[in-house]
Amino acid sequence: MRLLERMRKEWFMIGIVLAIAGAKLEPSIGVNGGPLKPEITVSYIAVATIFFNSGLSLKTEELTSALVHIKLHLFIQIFTLAFFPATIWLFLQLLSITPINEWLLKGLQTVGCMPPPVSSAVILTKAVGGNEAAAIFNSAFGSFLGIVITPLLLLLFLGSSSSVPFTSIFSQLFMTVVVPLIIGQIVRRYIKDWLERKKPPFGAVSSSVLLMIIYTTFCDTFSNPNIDLDTFSLILILFMIFSIQLSFMLLTFLFSTRNNSGFTPADTVAIIFCSTHKSLTLDFLSSLFIRNSNAEDRVCRPRAPLPNICALAHIPPSSDPSGKCVGANNKVLDGVKAEDTVQL
């Protein structure tokens, strides 16, 4: 009985393990174009469900008060879009003289330049009783900022020329984040008494959606056979990533819990998850098109193979002699109109 009770409490962690194991056993189910159609069910439906769920569960006054918490917003955005990538760049200058795979280091820098996560930070903040409204605002606002700032950071730190389909990303963020949140708030006005009486398991619903996101992400990783990576580099980079992640989480905790910080414990939770995790759920990495230096007429997009909940870096791409992008992180861009892109 104790074991069952423990498993019931830790169902989310068990779910993560099962999701990864399931993706390893049969990755074809959750890949793009597969039976689950993650390019639709995850990129749109799953994210929209999370924010509709949040709009339904949050009081309007909580969202309103979160909007005017300027100090918290500045802390999160400056940390994640300035301090985080700059610190990673300095750290990688030291690692550049080591035998670690060059593409892993570039992948780590790329992840460091990403904006706050769209969904996972909201789910994790809610799960531990943090300031969910602040997490929602900073996830959405940071994602909109990232459309412009992330390509500039990649250009600054990696020298990579990138084109961003501004219109399509903006519309996707608006339709999957802002609109569901507003609809959730409208619906809440009509069923408020029922919600307070029944207390639906909003947290469990959001966590279940996150498990689906994790599953499809790992399916995409395990389905690609073209991973050119030595064991030493992988083990070392994983150790460094977990060390960096824990260090940043500790740093944000110390800064936000000072006596004169002005942040509540709930604010601290939102700060920790929004500042130190990076965007993945809207395929933001897939929306940054980095040109291959050996094939200027081919446009490739780096794909983060592992979820930001673990803050893991890119698997490095490999290239054939013709310079075509065939690595695990690269997929040829299609379906994006030239007039929708912003060249940087």
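Each residue, glycine too, has its Cβ placed from N, Cα and C.
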Taking 200-218, 295-313 as the choices, which stretch does TrEMBL tie to transmembrane segment?
200-218
State the non-local partners of the transmembrane segment (169-188) in its own chain: residues 6+ outside its ends, Cβ under 8 Å from one of its Cβ atoms.
43-44, 47-58, 60, 63, 118, 136, 139-140, 143-144, 147, 195, 282, 284, 287
Below 8 angstroms Cβ to Cβ, which residues of this chain, lying six or more residues outside the transmembrane segment (41-58), approach it?
118-119, 122-123, 126, 132-133, 136, 172, 175-185, 187-188, 195, 200, 202, 205-206, 209-210, 212-213, 216, 281-283
With an 8 Å cut-off on Cβ pairs and a sequence gap of 6 or more, do the transmembrane segment (136-157) and the transmembrane segment (233-255) reach 3 or more such pairs?
no
